[in-house]
């Protein structure tokens, strides 16, 4: 069959693909399209069957779309793409360095007499260790643990995500490392409990990421209902669909309690808001995909949400 | 403020509420307007003006928050974010700059923004009221899309002047500020926050101002082409009142103003041609 490709916005004709068999998948259409327009690599392309419809999945074939004799597909340019791991490395190495600029009190951040001085409060050093550990862990997880089901994202997300992480890190670090920092009101007890929550949640988060890895063997796009493994931290899977987010939120609450700094609390709750949106979407997908999905499971907070 | 409002087919209760709200707001701003006129007539100076209308201004400006609720609940079709920004910029000026800083009350910015706001708001709420009732006199449309050319710059200048005049008192009194060390490990300097708002005026005001001009132009273009100078035929006037008027009203408030206007324009031309042909033939 013959396939017309129109621009989804202007409805102008971009090209005609000839002699296309009806069981061609969208993925192969993307390769054929790239041969005509070498600038548009497959990740950058998306196709729709109507100008305002949903983006078609790569595995769908033309015959499934009921395009009729005069096949028309709408092309949408997703913009320049960048790999997920690149985005992750930028997002996570930024806060790591930014935090340390404040920790070492580089000149022009605080009053010049405090340049390169060190805080008398132990919790400040502890916080620097925790913060660095958190982002080091994320970088290493990106390298060795995560498997990405989608290869790329639009490059503008890189700027948006980086400015979010970097500026929050700077804002938190400014107050925690400030010469006028006030340590925890309830002293060592508060610091220790915050630290304990932080460490446990970091371990929990790592365990969940490892569990996710084992759910998706390398090279496959196979999907299973995530369940608890031998690791006790993964028992949280019995309560929520995205325990990694639950632990992530827990870590930041622990860090906030330990440092008793308002911007950290704000970061924890803004992050929670975003993660809750992702978790609810993922939860909905699980329920749609698996008819036997455990009904008692929530999205991100056990029993509550 | 240019929050586009269009009433959808909606419950009579919502419609009744909106009519009451808009009538009340028109009346409220009229009262403020009378207060301003009265003050200038009696005292011939802007000094003491703020004290004179303070209570009414605080009440009716704060009541604009309902517009956010209207947009959020969907009983008025306008952009929630845009409405929120517009309402809060005003409410912020009133509650965050003018009301708490007594030194600002007798400065020149106050009469500027008061006059600009009051006239704009009377016309805007009047316009919405007429919209809800189903007919908008041309004079109200004309005023709404003409007076802004003077009132917008006047109002914004007044707001900027008021912020500027509040800076020194705010710095001296350390109002609404929190300094280290404290147990929250957080600090905020309201003086800096106020300075930080000033650039936003220079970013957003030109955009909003020229957007209004563009809207005005579209409206006027539509009008001119539809109403040939020589045509004073009553059937055309009739047509303008019953057909063009509603189309134009919808276009002006619709978010997709451009498409609306183009559609309205074409359909009107087609209609008008047919009608004129018959009129001439008759």
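The backbone N, Cα and C atoms fix where each Cβ goes, and this holds for glycine too.
Just so it is clear, the model here is predicted, and its values are computed rather than measured.
In TrEMBL this protein carries:
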DOMAIN    A:1-77  domain 'TECR-like N-terminal'
DOMAIN    A:152-305  domain '3-oxo-5-alpha-steroid 4-dehydrogenase C-terminal'
TRANSMEM  A:82-104  transmembrane segment
TRANSMEM  A:158-176  transmembrane segment
TRANSMEM  A:188-212  transmembrane segment
TRANSMEM  A:233-255  transmembrane segment
TRANSMEM  A:261-281  transmembrane segment
Quiz item: Per DSSP, how many helix, strand and coil residues does the domain 'TECR-like N-terminal' (A:1-77) have?
Solution: 18 helix, 23 strand, 36 coil
Quiz item: In terms of Cβ proximity under 8 Å, which residues at least six beyond the ends of the transmembrane segment (A:82-104) contact it?
Solution: 116, 124, 128, 131-132, 135-136, 138-139, 142-143, 146, 148, 150-155, 157-158, 161-162, 165-166, 168-170, 172-174, 176-177
Quiz item: Per-residue pLDDT averaged over the domain '3-oxo-5-alpha-steroid 4-dehydrogenase C-terminal' (A:152-305) comes to what?
Solution: 93
